[in-house]
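Student: This is the structure I have questions about; it appears just below.
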Amino acid sequence: MNIHEYQAKAVLKEFGVPVSAGKAVFSVEEAEAAAKELGGPLWVVKAQIHAGGRGKGKFKEPEAGDKGGVRLARSVEEVKTFVGQMLGKTLVTVQTGPAGKQVNRIYIEDGSDIEREFYLSALVDRATSRVAFVVSTEGGMDIEEVAHKSPEKILTFAVDPATGVMPHHGRTVAKALGLTGDLAKQAESLVTKLYAAFVAKDMAMLEINPLIVTKDGQLRCLDAKVSFDSNALYRHPDIVALRDVTEEDEKEIEASKHDLAYIALDGTIGCMVNGAGLAMATMDIIKLYGAEPANFLDVGGGASREKVTAAFKIITADPNVKGILVNIFGGIMKCDVIAEGVIAAVKEVGLKVPLVVRLEGTNVELGKKILNESGLNVISADDLDDAAQKIVKAVKGA
Ligand code: ADP
Ligand code: MG
């Protein structure tokens, strides 16, 4: 689960991480009050969307101006103008995709006098099974490009969970960033606090870009992007309360209501599969035969007819879906239940694209019989290979 920059900063502040004072607003009136309260003389008006690259982003509407989603303001009037221009408009950044994201809330923050900008992030590193830090002097820029063109400018190290962050980690960061004296001490303290926040809140990723040194020698987090491990959210009601569903994919929200493991993707073939491993294999084989999956969907081991119906509706609601592949191995799940779910869903929402069904396992004969007698235009397949070829052919032929 992702949260907004201002929320991330509030979470980090609980752990003593240095962030600027600021206030999130939803209207020009609130922005005026916030700007007056902060006092100036420099404010930063920051569009809050679940995507980075806002500073270099562009609004779709010309009346929103061409200064991107992060703007320096030198008066309360200017703060009001920028907020008025941005609210309700669609910001397109390298991370939003071409559709962009509507700006519904804005963060008004104290402006900082920046001396230097660094990059610092922490994430769960699968290779070492540890929390790893990534540090670079090349902050504020596109870190992917730095990684590509000058990887020697990026330092990575993992933290042993048995010891947690040690003083030498802090010194490593300070050295990598070229910090000495009091700033080196601040860096050591910052790494300790960020690690504490990361572990305590079950974060999956924490990215500070830029981490800055101010002209008066203070280390401060000027941007914060945080995502949390969804599997641990049950023990963090305070984090769940920060969820902004307007930022999430509608289909994924609907899927989570039915307890379906669903991830929207960019392809054209909708997949309904049981078991994460089989779902991955199904996506792989679709790619092998030259098409792209429109989603990952695991209906789970013991899905009910209602769940299958909900899953089918979510798939067909995606306008990019040009064909559907149902691939079920009936273990705990029975093939006839799947067949009934598919039929119920098609009766409700119709079927405008080719549908290939591959069933195997418990009650497979009954499942096939139900589908065959339903009068639906279902293409049946014998195995995974056959199913993938049939759906790709049906979609490409259409
Ligand atoms: P994004 O990464 O989405 O573009 P950032 O929060 O990193 O958004 O802001 C982009 C740039 O704007 C930063 O690299 C920094 O130079 C400047 N900036 C952001 N917040 C402030 C602030 N409070 N004071 C001064 N400059 C800021
Ligand atoms: Mg940033």
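Note that the numbers count up from 1, one per residue, in the order the chain is shown.
Backbone N, Cα and C define each Cβ position, glycine as well.
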Student: If I go by TrEMBL, which of ASN231, ASN274, ASN377 binds substrate at the same site as GLY331, ILE332, MET333?
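Tutor: Looking through ASN231, ASN274, ASN377, the residue TrEMBL assigns to the substrate site is ASN274.
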Student: Over the domain 'ATP-grasp' (9-254), work out the mean pLDDT and round it to an integer.
Tutor: 95
Student: Cβ within 8 Å of the substrate site's Cβ centroid: which residues qualify beyond ASN274, GLY331, ILE332, MET333?
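Tutor: Other same-chain residues with Cβ inside the cutoff are GLY275, GLY300, GLY301, GLY302, ALA303, ILE328, PHE329, GLY330, LYS334, GLY361, THR362.
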Student: Are any of the binding-site residues LYS46, GLY55, GLU109, GLU117, ASN274, GLY331 near ligand 2, with a Cβ under 6 Å from it, and if so which?
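Tutor: Once distances to ligand 2 are taken from each Cβ, none falls under 6 Å.
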Student: Just jot down the residues in the same chain as GLY331 (substrate binding site), at least 6 apart in sequence, with C-beta under 8 A of its C-beta; none if empty.
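Tutor: Counting only residues 6 or more apart in sequence, the Cβ neighbours of GLY331 (substrate binding site) under 8 Å are GLY301, GLY361, THR362.
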Student: By a 10 A CB contact count over all chains shown, which of the binding-site residues listed here is most packed: SER112, ASN209, ASN274?
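Tutor: Comparing the binding-site residues SER112, ASN209, ASN274, the most crowded Cβ belongs to ASN274.
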Student: Counting only other Cβ atoms and using a 10 Å cut-off, which of the binding-site residues ILE332, MET333 scores lowest?
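Tutor: Looking at the binding-site residues ILE332, MET333, the Cβ with the fewest others within 10 Å is that of ILE332.
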